[in-house]
Amino acid sequence: MASFVIEGGHRLQGDIVPQGAKNEALQIICATLLTSEEVKIYNIPDILDVNNLIQLLRDMGVTVQHIGVNAYSFKADNVNLDYLHCEDFLRRSASLRGSVMIVGPLVARFGMAVIPKPGGDKIGRRRLDTHFIGIQKLGADFTYYPEQQLYEITARELKGAYMLLDEASVTGTANILMAAVLAKGTTTIYNAACEPYLQQLSKMLNKMGAKISGIGSNLLTVEGVESLEGCSHTILPDMIEVGSFIGMAAMTGSDIRIKNVSYNDLGIIPDSFRRLGITLNQEGDDIHVPHHDYYEIETFIDGSIMTFADAPWPGLTPDLLSVFLVVATQAKGSVLIHQKMFESRLFFVDKLIDMGAQIILCDPHRAAVIGQGKSHTLRAATMVSPDIRAGIALLIAAMSADGISTIHNIDQIDRGYQDIDKRLNKLGARITRL
Ligand SMILES: CC(=O)N[C@H]1[C@@H](OP(=O)(O)OP(=O)(O)OC[C@H]2O[C@@H](n3ccc(=O)[nH]c3=O)[C@H](O)[C@@H]2O)O[C@H](CO)[C@@H](O)[C@@H]1O
Ligand SMILES: C=C(OP(=O)(O)O)C(=O)O
């Protein structure tokens, strides 16, 4: 397992361009299975999860060509469904979360799909009921084989239906949507997730000939069509990476410009950092984070302690709470971090406590952070990255700490952040990959 060795205390200076969004890329790449025509995708991040998904499609018989920097074309005119039954497929698709989204396209186009329990971050229970109940409502049959942890879905014909999802699942909505675009008749999905990832997927599907309305809302209406055609699509900048850089800059006292962030797609993220006391200036489509000597967490208007809690979009994404938490340790003031969706995502605070941060883990979902201001610098430590976002939070902590820290298991960071060491070193960080 690779590791990072980080010499803390160096300020960053300069411009950084965010990568394409991981969670959008995973949806968009799966959507290429919906047509036999060529689909060109630009701004694909070069990260482990995405590369594993691209390889999975190649192994299924999709012709994938590298057509430029971070750009690929996909042509799914000869998909080998037998591959879905081999060991190699099961192993590879179980390595990432996004692979579950091949189910919707495969059922819609070929009437069958098999998928093992998907991988992804081990951050608590991550059920798939919403996906399969939704696809069943369209007329598919579904069997779960508990011993192999395998899901099998077959359908003679998909028919449009009304459905009210039991939760606004991001990958679940994407899966159902990709099945519904080729179903007969009208599908209505209420309580749909509506992150920019899903807005982008819907826009791409419409470019391919689908008829989706209600984009950006939690009520999607889909008029099924016979077939879809090829298109070109460009992936948005990764809003989680943008947020990670804002927090990193403030905590390390850096002065950076995050280029071409697609500001209007960041939702509540910039204002949430502002409530943490961080100054960030929107300049055109860039965000400039100036040097901070200190930042002070706001209280609520009535003087009570600030709470950051996740919520389905347009609420605050759960994927940034680990970053808010670490950045709060060096703020003045206190904040309660409430991770409602996942029950095992806050345990990494132990490492921050070892580094000298003042945090009370109230229960698996809530941590109270007592910011000590920048005069109480964190101590260097040796740690293991448990998941992508805890990993980036620990990297931020190590970059701001006194001394040399080591983070093991950085595959967990590489799953979601492209060449993070090289890109940050260009701005003045001291990160060595072992
Ligand atoms: C590949 C991908 O796109 N991964 C993202 C996707 O995962 P993913 O699509 O797997 O996550 P879901 O949206 O399905 O659900 C996340 C968890 O939150 C719970 N839940 C969900 C919705 C809700 O309204 N209330 C609620 O409690 C679910 O039970 C589940 O345990 O969305 C998550 C939630 O934004 C993100 O953390 C992941 O980065
Ligand atoms: C939880 C995440 O990813 P995944 O769903 O791929 O595990 C994430 O991106 O923070």
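Each Cβ is built from the backbone N, Cα and C atoms, and glycine gets one as well.
The annotation domain 'Enolpyruvate transferase' is assigned in TrEMBL to 7-422. Residues or ranges marked as phosphoenolpyruvate binding site in TrEMBL: LYS22, ASN23. The feature UDP-N-acetyl-alpha-D-glucosamine binding site is assigned by TrEMBL to ARG97, ASP319, MET341. Annotation comment: TrEMBL describes ASP121 as active site, proton donor.
The recorded positions near ligand 1, defined by a Cβ under 6 Å from one of its atoms, are ASN23, MET341, chosen from ASN23, ASP121, MET341. Cβ atoms within 8 Å of the centroid of the Cβ atoms of ARG97, ASP319, MET341 (the UDP-N-acetyl-alpha-D-glucosamine site) belong to the same-chain residues GLY120, ASP121, ILE123, ARG126, VAL170, PRO318, PHE342, site residues excluded.
In this view, ASP319 (UDP-N-acetyl-alpha-D-glucosamine binding site) is surrounded by 25 other Cβ atoms within 10 Å of its Cβ, with every protein chain counted. All chains included, 27 other C-beta atoms sit within 10 angstroms of the C-beta of LYS22 (phosphoenolpyruvate binding site). If you compare Cα positions, ASP121 (active site, proton donor) sits closest to ARG97 out of the binding-site residues LYS22, ARG97, ASP319, MET341.
The DSSP secondary structure for the residue listed as 'active site, proton donor' is coil. Local packing around the recorded positions ASN23, ARG97, ASP121, MET341 was summarised as the count of other Cβ atoms within 10 Å of each Cβ; on this measure the leading residue is ASN23. Close to ligand 2, meaning a Cβ under 6 Å from one of its atoms, are these of the recorded positions ARG97, ASP121, ASP319, MET341: ARG97, ASP121, ASP319.
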